[in-house]
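Asker: Provided herewith is a single structure, encoded as structure tokens, for subsequent inquiry.
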2 protein chains.
Amino acid sequence: MKIIEGSITAPKGFKAAGVHCGIKKKKKDLAIIYCEVPANAAAVFTSNKVKAASILVSQDAIRKGSKIQAIVANSGSANACTGKKGIEDVKETVEFTAKEFGIQKNSVLVASTGKIGMSLPMDKIKQGIKKVVSMLDSNGSSDAALAILTTDKIKKEIAVEIKIDGVPVRIGGIAKGSGMIYPNMATMLCFLTTDILIDRNALKSALKTSVDSSFNLITVDGDRSTNDMVAVLANGLAGNEKVYRNSSAYRIFQQVLSYVCTFLAKMMVKDAEGATKFIEVKVAGAASFAEAKIAAFSIANSNLVKTAMYGEDPNWGRIVSAVGNAPIKLNPNKIDVFFSGIPVVCNNAPVSGGRERAKRLLSNNEIVIFVDLGIGKGKCSVWTSDLTPGYVKINAAYT
Amino acid sequence: MKIIEGSITAPKGFKAAGVHCGIKKKKKDLAIIYCEVPANAAAVFTSNKVKAASILVSQDAIRKGSKIQAIVANSGSANACTGKKGIEDVKETVEFTAKEFGIQKNSVLVASTGKIGMSLPMDKIKQGIKKVVSMLDSNGSSDAALAILTTDKIKKEIAVEIKIDGVPVRIGGIAKGSGMIYPNMATMLCFLTTDILIDRNALKSALKTSVDSSFNLITVDGDRSTNDMVAVLANGLAGNEKVYRNSSAYRIFQQVLSYVCTFLAKMMVKDAEGATKFIEVKVAGAASFAEAKIAAFSIANSNLVKTAMYGEDPNWGRIVSAVGNAPIKLNPNKIDVFFSGIPVVCNNAPVSGGRERAKRLLSNNEIVIFVDLGIGKGKCSVWTSDLTPGYVKINAAYT
């Protein structure tokens, strides 16, 4: 596997562009990803019961198994909680885009991110779509990556190339964070493109596995949004033999897709609102993977743990307390805690001098909290950021 | 019912004192509540699976039905995650206190709050106990209320008098917050005294009902501590006829005990770490009380909602999103939202001009968020605070 340039336009047949259409004051706010041919598509959507209009419409298209040729994504307005008009606006966006490209209506996905309760300014969106269509090219991935950002500070993109039975196959992706982030698809926007020829069910399965081991293992603030979506388009232009599930080619593709998703997921956490630290929370010795994950998220979602990490304070008591609050099997007397490899708690009692040794390592930008529950073989790692005055400032002044 | 002075020493037969024994640098850190006669006792303890040594020992005394004559409470050290030594230190505290007073060993409760992982300095504790014992009097309640505080800014105390069958009966209470606060007994320390003559099972039942409708409805940061305890001592000196469950006297006592607990619970939220706003989150129209409570806590524990309230930003999208994340029955299209009486969302769509009207009211110190789910008759109110740079600052620099 090698990392290459071009993110979503690196795979054959994909073009992209991003422009400022006027939803935001100045920054780019409208992106289109276009594929020369209809592509197999799979997607996962927010688990929030309050879903944005774009989610409801796009979910419907994916459910029906439509091949997809274009994704229209805007930032600045979430078009959530906008009633019937919200749905009509998405449908109008789909129809307008299909007409502009001369493609099927059911081959367009729409995604939105931004303020809730604000309707899409349809005149601006339509003018924007015309403009993007005229600018689409195979160097437009960076502009598209920029146009989907909200409070993100950096754009998030990657592309990789692998060989499937000797044939080069490419996967590209762009994503946006960076608040209201918590697993269960429900985390953010991510668009993936690939030129692999792959069976639709295999694509769906590979996406689900990849999302479970990447986006579903990150948290910024424990809040799942109304708008989040990860979609992958596979257009089959690479020329490989068609890939089905349970083949070695499938396993290679799935692992590389997981790599791409994990890369983008970690980038989101690193760019989380107000974050100064990237924190990996590893839990081992749990009764099962599921229980390790619950314990890891109980730590990663604790404001008290996250503020302590901001303060570079090796306050392991808050970690042990967060574990004790998790609804899992636990023997308190078997808990061990390490900060970036330094033992601070052994069998639920302090390790002499551990706090002082750990304190020095907490000034690093990347911290590993490792908790061994000592009762089983379940383990899981999740990723989060610290909780800072910057996070409060950004979120106190958002609208 | 009338509110009177003296908090925990207002009921007949109770004395209290609080001193600085040296766990903290300067502030008072050791309190004793003493009762002239052995009192019926009931208590609820943290639901965190990692429990402090004091919780394990005191829980055992309550479980055995021991009558209680003294409560020793220290602040500054939680004596949690301190291994066998932690348990031995609590037992030594119990024995030393019993000997000083010449009372039964099984009539002493111990409570601790403060840093996790720090053992009790037993020499200082013993000297402190001697000192407190010599100072006990019926005016010592304020000193005791001060000595149990940690990051609290104000002491929390109250006393009330009611008549039970014409006989004056008094109830007093002191409490401490103010971080690591979330329901399920698991919230803080609270000590209640009363001179009512009451059956032990009735006392237990009244306490449980009162805690469920007060301390279990508040949240500051969604974290339950290792140390929290609410205990009530009833010494029977008021001279009333003994009260049993399912009597009108019981119902009066229970309601007043709830009043006292709710007063102290709200005081905790108002004094929450870094808080600038007191927020009541009311949910109605849920399928049941239990589902209303889940929805209310989903809102009250959302960092995004809490930062918006700090910023006086009527960002109702975050409220709707938090409701959508709650694992409850929901029809998104029926959600209404009000800020302090001003409608901002009706049937999941914005109310024209609502945001502007609500914005003006959010500069108040007290805010009511009301959400009507529109599908049933379940309702519940919970109380929380805003999330501020002050909270982050306090918790980044705690140890």
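Quick reminder: no glycine exception, Cβ is built from N, Cα and C everywhere.
Pulled the feature table from TrEMBL, pasting it below:
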| type | residues | note |
| --- | --- | --- |
| ACT_SITE | A:T187 | active site, nucleophile |
| BINDING | A:T150, A:K176, A:T187, A:E273, A:N395 | substrate binding site |
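Situate these features within the shown structure.
Answerer: For the recorded site, A:K176 (substrate binding site), the DSSP three-state label reads strand.
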Asker: Below 8 Å between Cβ atoms and chain B: which of A:T150, A:K176, A:E273, A:N395 make it? I'm asking about the binding-site residues.
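Answerer: Out of A:T150, A:K176, A:E273, A:N395, A:N395 lie under 8 Å of chain B.
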Asker: Out of these binding-site residues, A:T150, A:N395, which one has the fewest other C-beta atoms within 10 Å of its own C-beta?
Answerer: A:T150
